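Structure first, then comments.
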Ligand code: WTA
């Protein structure tokens, strides 16, 4: 834990939207009078029919619903495009920076509006109606943002699947949401290498369970030759060219769904987190403005992928609703070399830069000389998201990238929360490296003990949020019961985050990581159960248990214990085959870093795997195993310790 405190500098405070006094006053109002507060701030977006009701929420597990602005109507794409045309039609909405450093493009609001309108009409001509699901499986290119906004324009529900997911993972998500149309590209590009998106999509669509898809829209990106199915496939460019550029936005209710985004949980398959339109947009745009102290004219860059929630809220919806210039980067931080992020900041004069601790750690390892190669004088605010940032990485980011002038906003939130819940505000919050600091307006965190008692003062416990906020997820797509079970049954009357946290004497929150069986690999959520079920699906595997293990760059790595069928012999070839198998079943992000053969797993007499023990062994903390006497066969523990994978 770092003891350093970085007070708000006068220079930042002077120009900031929110200073200390304003934060205190607004926070107070937001929790004492949420209806008044959110009623006022709900007006920051354009409504077709203004809302008269602000909030209608019940956390009662027998009758659970979450509604904000429920009688208002709007269109999300009109909020991100049309309403800016008069004032900033010629301003850049999106700066696209390609994987190849010689490729970049500026797209104005006017141009983006036309592209979205054309594609929205094209989707309509393919039979996509309000409420239909559209799966987007694209690289980080402008067509991804266009696709999201085109769906929003006609009231269709998009579900983005990260381009790094395998055909199997893609198929599962298409099947779960029953998508009518899938949008992909011939290929993606990452670090100069092609990613076979169309081929993956073809494979996904050939799965027996995938029956709903009528059309596959293909963006020509690298120009690679690809197989073509005349009855099903259409070129994005062709249908956009043929469509009218005039597409009046469809009026939707505040509580109509905007998107479904699949995320990993502690059990079962990934769940479709459903966000709706009105409250989500109010919350995404408001947090974007205040957390990043966004000012008119700023160039803002979030390095996430639109396949994750960060890309939804803080590359597309939040920034565009605010009329910002948002940068979309197709590539990776290490290509062509480790100065790429900083060169891009220099090239586009980025003012606000938002990235993940895993990227910081990887670049830190390459050395500060790569940062010195670029002129970073345009930077004003830095951000971090996805996992706890270790104080060492924070200090490096602050010193070498921020030159000790740029505040770092360490933003804690989740796919489920729609937007940032705990974070410093640049002009208001003194910083402590490694702490996400204080709650955003309207957010009331609490720490509970195992019995659900609220703990007071400086303490540590399970992090819950006491009351609803407009950006909160509304349900699990197609499974409201799972929504209730996952988030509202562990503790009564509050939203359970799945994270643990410590609160210090200043009321600052320090997220300590997941308290459930979710691991966080390079800022990406992975359910241990998902990796386990991929492993046991292999014909030679009898049983598997997966845990997270500390990893220098990724934050957490994946450590798998595998028990083979009785007639199978362990070998290095089989180990490699199993790692490959998991990549194929889920995607490269789920590759086990370590795979240990385990003739037996530590189980209780009732057959429950004791993951606590497996975690300790994986972390080389086998002198702290605690009580193993309740195990059915305590002997397996020594065997596992002796056969640890060297790290
Ligand atoms: C973790 C990403 C510490 C946390 C927006 C959370 C963080 C999970 C932070 C959600 C942070 C995210 N400090 N931990 N600043 N941000 N996390 O759904 O464990 O991909 O529950 O959303 O990431 O991951 P998700």
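Backbone N, Cα and C atoms are what each Cβ position is placed from, and that goes for glycine too.
Remember, it's a predicted structure, so these values are computed and weren't measured experimentally.
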>> According to TrEMBL, 386, 387, 388, 410, 411, 412, 413, 414, 415, 499, 514 bind ATP; which one of 380, 482, 525 is annotated to that same site?
In response: 525
> Taking the Cα atoms as reference points, how far is residue 415 (ATP binding site) from residue 193 (CoA binding site) in Å?
Replying inline: 29
> Here are the binding-site residues: 190, 193, 514, 538, 583. Which has the lowest count of other Cβ atoms within 10 Å?
Replying inline: 193
> Is any of 190, 192, 536, 538, 541 (binding-site residues) within Cβ reach of ligand 1, i.e. under 6 A, and which?
Replying inline: none
> What does DSSP say about residue 386 (ATP binding site): helix, strand or coil?
Replying inline: coil
> Near residue 310 (CoA binding site), meaning Cα within 10 Å, which of 386, 413, 536, 541 (binding-site residues)?
Replying inline: 386, 413
> Of the binding-site residues listed here (191, 192, 388, 514, 583), which is spatially closest to residue 536 (Mg(2+) binding site) when Cα positions are compared?
Replying inline: 583
